[in-house]
Amino acid sequence: MLVLSVQAILIFCWVYVRKYQSRRESEVISTITAIFALAVALITSALLPVDIFLVSYMKNQNGTFKIWADANVSRQIEDTVLYGYYTLYSIILFCVFLWIPFVYFYYEEKEEDDGNTCSQVKTALKYTLGFITICAVLLLIGAFVPLDIPNKKNSTEWEKVKLLFEEFGSSHGLTALSFSISSLTVIGMLAAITYTAYGMSALPLNLIKGTTSASYERLENTEDIEEVEQHLLRIKSKCRDGRPLSSRDRRTLQQLEERLRTLRRRERHLESIEKSWWTKFCEAIRPLKIVWGVFFIIVALLFTVSLFLSNLDKALHSAGFDSGFIILGTNLTNPLNMLLPVLQRVFPLDYILITTIVMYFIFTSMAGIRNMGIWFFWTRLYKIRRGKTRPQALLFLCMILLLIVLHTSYMIYSLAPQYVMYGSQKYLVQSNETIDGQPRNVTLVSKDCDADAPEDQCIVTRTYLFLHKFWFFSAAYYFGNWAFIAVFLIGLIVSCCKGKKSVIEVFPFQFVFSESSNHQVRQDFCSQRTE
């Protein structure tokens, strides 16, 4: 089952990358890197449902542990999940700080300089060294800034340094890795605020609104062609009496001819789109797209309401900023946190829902990146277009998705905190029956695991422990959730105000211009008139 899942993920990644990469600039190394990075992102996102399933599977529905789930077996399962997290997170560090930057700068250098490969590799390594330095700094900070140091006033400086090394050795460097991953998760939070929040509104509304009709665009295009041709005739008529055209008219003539060539190519492409079987198929399933769009917008609103109530609960009942707004238990319930315990009664509906939520965040992130493109502050670096995306843009896309996946676990925890902590576990509590004020029978009643449960009765998921290892990161995630809600609402308004997408965006095509030949035709035409 695991092998089939990995194979399915790899096939999906290959199809997705091949769908968007440019046919002209396709490179083997960048393609392999993009497919591998995207696969790592999807596999990492699948760890959360597995973690929740394993801690839940060790207990029966009546709150007792299963026969095989003794203390040693439980610890082994917990350690296996934990090391699975650290293995995939180490691969993510390798991709983000070494592999993807190296491949990116290698192709950037290749475009600027077509010299020998050795110089391109040296230049790429030189720029990649900066990313490696950042990674090393994060690892050192995480390793040598312990979370809890005993305060001994009489200890010497050497004893303090010795204590740091002892803590580093005792944790085997896992704290350093946790700090580095948490730092990347903060960056992933910013990417999720930018792309996922917008994608949650853009994806469903694009499905509902659809695209403009190819026949309608052909009619508009024909009118534009007639208008440009009339303008061209007016300019060319100026050189019929032997006078040469002014420099301004020559520039206008050149622009109009370029515009006319573009419109004619667009006309041919729209005609092929109108006659294609895929267009007819899309028109036939148009009602289904509207249904999916309505469903996705309802899901997006459900997530937003759940996230708002969860954050409001933390604001009202947590210990505050110094604790990272961590809250044990749930005081203000939200729709998703209510739905998951209900689905627990029918296996495996709750795991299907949590897996669906994870994949929903991934695909809405992809939709947000496709709609917005890749930006660095106010500068757009790349566009993501079907069949026309450059290798560097695909590498950026996969790196952003890697970072967003890191933040996905905390997003789901914010939506359903109690479920992410304990899954469907129950524990036994004593219930005293009283008759006439006197205790008569003592019975054991199963109860859902929560913060009040005994530590040896409920097993906390490794995801929860990993998310709350550093309180200051938890505080950053808390404020990031408020920003996520705000960006989603803004994106919803913007998506509602935007018009339909052009059918050209769904069926892209290449504009090919012949500047030299058209310039020569223009010179020959006017030179004949002036002779």
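Here the Cβ of each residue, glycine as well, is placed from N, Cα and C on the backbone.
Those TrEMBL annotations? Automatic predictions, nothing curated.
Record features, source TrEMBL:
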type     : residues : note
COILED   : 246-273  : coiled coil
TRANSMEM : 28-48    : transmembrane segment
TRANSMEM : 83-107   : transmembrane segment
TRANSMEM : 127-147  : transmembrane segment
TRANSMEM : 174-198  : transmembrane segment
TRANSMEM : 290-309  : transmembrane segment
TRANSMEM : 351-372  : transmembrane segment
TRANSMEM : 393-413  : transmembrane segment
TRANSMEM : 470-494  : transmembrane segment
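Just going by CB pairs under 8 A, the stretch in 28-48, 83-107, 290-309, 393-413, 470-494 that sits most against the transmembrane segment (174-198) is 470-494. Averaged over the coiled coil (246-273), the predicted model has a pLDDT of 81. Residues of the same chain lying 6 or more positions beyond the ends of the transmembrane segment (470-494) and with a Cβ under 8 Å from any Cβ of it are 147, 178-179, 182-183, 185-186, 189-190, 192-194, 196-198, 200-202, 205, 300, 304, 307-308, 310-311, 314, 321-326, 407, 410-411, 414.
Outside the transmembrane segment (290-309) by six or more residues, the chain places 200-201, 203-208, 210, 332-337, 357, 360, 364, 411, 414-416, 481, 484-485, 488-489 with a CB less than 8 A from a CB of the stretch. Long-range contacts of the transmembrane segment (83-107) within its own chain (CB-CB distance under 8 A, at least 6 residues past either end) are made by residues 27, 29-30, 33, 36-37, 40-41, 43-44, 47, 120-121, 123-125, 127-128, 131-132, 134-135, 174, 177, 180-181, 184, 391-392, 395-396, 398-399, 402-403, 406, 462-463, 466.
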